[in-house]
Amino acid sequence: MFTTIKKTVIGLFTIVRSMWMVNSHALRPRDTILYPEVPVPVPPRFRGRIILSRDPDGDERCVACNLCAVACPVGCISLQKAEREDGRWYPEFFRINFSRCIFCGLCEEACPTTAIQMTPDFEMGEYVRQDLVYEKEHLLISGPGKYPDYNYYRVTGMAVADKPKGAAQNEAAPIDLRSLLP
C-alpha cells in the first residue's frame, strides 16, 4: 500500500514537473525566424549571386581574360572574347550556370579587373533549371559595385583610344627608369 502511494506521488510529481517545463517554454519568445516575412541577416562576407560591374566611365570591366572560368572548380562559367575598334577586349557572351555554381568566390578572387563581384542576394529559386543559366545581360549592373574608383585600364597603363601612355585622362606620364639611376 505504501509503495502504491509512493509511486502515485512520484508519478504526479513528474507530471506536474513536465507540465511546468512545457508551459515555461511555451511562453518564451520563439527562436524560429519566419523567413519570407522577416529577412534573414547575412554575414558581412557572405557570398551570394554573382554580378558583372562597370568602370566609373560606364564601360564593362570584364576584359574576357578567362581567368574566372579557369579558376571555377565546377566549370559553370563560359565566355567568348571579342575586341572593339579601339583595341579593348570585352566578352562577346558571358554565361554562368547557377545550378552548378557552388558560390565559392574563386572567380571573384581571380578577376584582375574586379568585374566579377559577389552580392548578398541568395534568393535564386527557380522551377525550371534552364532559368538558372544567366547571360551577360542578366549579370551586368549599371554601377561599379564594391570598388567605385577602380579602373583597370588606368591602373595597368594600357593605351586607351589610340592615345600614347601618359596622355589619357588622370594618367601620369611614363617613368624613365634610366633617370632614376645614380
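Backbone N, Cα and C define each Cβ position, glycine as well.
All chains included, 18 other C-beta atoms sit within 10 angstroms of the C-beta of Cys65 ([4Fe-4S] cluster 1 binding site). The annotation [4Fe-4S] cluster 1 binding site is assigned in Swiss-Prot to Cys62, Cys65, Cys68, Cys111.
Per Swiss-Prot, the feature [4Fe-4S] cluster 2 binding site maps to Cys72, Cys101, Cys104, Cys107; the stated evidence is sequence analysis. Reduced to three states, the DSSP call for Cys72 ([4Fe-4S] cluster 2 binding site) is coil.
The domain '4Fe-4S ferredoxin-type 1' annotation in Swiss-Prot covers 50-82. Break the domain '4Fe-4S ferredoxin-type 1' (50-82) down by DSSP state and the numbers are 5 helix, 11 strand, 17 coil.
Taken from Swiss-Prot, the feature domain '4Fe-4S ferredoxin-type 2' covers 92-121. Within the chain carrying the domain '4Fe-4S ferredoxin-type 2' (92-121), a Cβ under 8 angstroms from the stretch's Cβ atoms is held by residues 42, 46-53, 60-65, 67-82, 129, 132-136, 139, 145-147, 150, 152, all 6 or more beyond its ends.
Fewest Cβ neighbours within 10 Å among the binding-site residues Cys104, Cys107: that distinction goes to Cys104.
Annotated pair Cys104 ([4Fe-4S] cluster 2 binding site) and Cys62 ([4Fe-4S] cluster 1 binding site), C-alpha to C-alpha distance, rounded: 19 Å. Apart from Cys72, Cys101, Cys104, Cys107, the residues listed for [4Fe-4S] cluster 2, the same chain places the Cβ atoms of Ile50, Cys68, Ala71, Pro73, Val74, Cys76, Ile77, Ile102, Phe103, Gly105, Leu106 within 8 Å of the centroid of those Cβ atoms. DSSP classifies Cys111 ([4Fe-4S] cluster 1 binding site) as coil under the three-state reduction.
The record gives Cys62, Cys65, Cys68, Cys111 for [4Fe-4S] cluster 1. Within 8 Å of the mean position of their Cβ atoms, the other Cβ atoms in that chain belong to Val63, Ala64, Asn66, Leu67, Leu79, Cys107, Ala110, Pro112, Thr113, Ala115, Ile116.
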